[in-house]
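Engineer: When I checked Swiss-Prot for this same protein, it listed these features:
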- 8, 9, 10, 11, 12, 13, 14, 15, 16, 17, 18: ATP binding site (BINDING)
- 188, 197, 200, 203: Zn(2+) binding site (BINDING)
């Protein structure tokens, strides 16, 4: 039996990963993390979507210690979430230091226990928003460390790594779930479901990608299929 675990936030990217995983694996588990995030409504959204889409198990892990250690606008109510700034440079204040290190490591422990062969995460280097822990180099390095530490090679799959947001929308559409991802996921840093607040960086990235996809569905779909190997599907 092919078994995978999805790092699942209930946002656009991880939901698209879950939708695809359910087509490619016999059994799919989801792991969601409660770290006291400002947009913690995503946890309820994740629960709803995992149940609706058919994950066999959904584990919500309490990692509120991360909130105590990592200072970010996503972990502190007194630090405002910045509006979208297309020319911004450097690491944004929405970056939560160590988040993906912790999430992937804990998910690997869970995957080890349920005998899963793969961990799937929606990180993306193409539209990575300046987050260093969304880079391919980081994921490969952590995978190497985890494999050594567990003496077991649990694959780290990153199906969105080289897709832009328009192509990620195309992937959701390919699997017949564009409307669900658009209406029922929560990507917004301010915790607003669907199209979100329209002001934060996450909402702008999501909206711009959707508009680009809807403006050239055939072209974007073709590029996505080539990048993902779905061209033969």
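Just so you know, glycine gets a Cβ as well, placed from its N, Cα and C.
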Engineer: What Cα-Cα separation, expressed in whole Å, is found between residue 197 (Zn(2+) binding site) and residue 18 (ATP binding site)?
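Structural biologist: On Cα coordinates alone, these residues lie 24 Å apart.
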Engineer: Considering Cα atoms only, can you say which of 8, 12, 14, 16 is the nearest neighbour of residue 203 (Zn(2+) binding site) among these binding-site residues?
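Structural biologist: Going through 8, 12, 14, 16 one by one, the Cα closest to that of residue 203 (Zn(2+) binding site) is 12.
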Engineer: Reported as an integer number of Å, what is the Cα distance between residue 14 (ATP binding site) and residue 200 (Zn(2+) binding site)?
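Structural biologist: Taking the Cα atoms only, residue 14 (ATP binding site) lies 19 Å from residue 200 (Zn(2+) binding site).
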Engineer: Taking the Cβ of residue 18 (ATP binding site) as the reference point, list residues of the same chain whose Cβ is under 8 angstroms away and which are at least six residues distant in sequence.
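Structural biologist: Listed in sequence order, they are 6, 8, 28, 30, 49, 50, 53, 55, 120.
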Engineer: With a radius of 8 angstroms around the mean position of the C-beta atoms of 8, 9, 10, 11, 12, 13, 14, 15, 16, 17, 18, what other residues of the same chain does the ATP site pick up?
Structural biologist: 6, 46, 49, 122, 185
Engineer: May I ask you to report the DSSP-based helix, strand or coil state of residue 200 (Zn(2+) binding site)?
Structural biologist: strand
Engineer: According to DSSP, which of helix, strand or coil covers residue 12 (ATP binding site)?
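Structural biologist: In the DSSP reduction, residue 12 (ATP binding site) maps to helix.
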Engineer: Going by Cα-Cα distance, which of the binding-site residues (10, 12, 16) sits nearest to residue 200 (Zn(2+) binding site)?
Structural biologist: 12
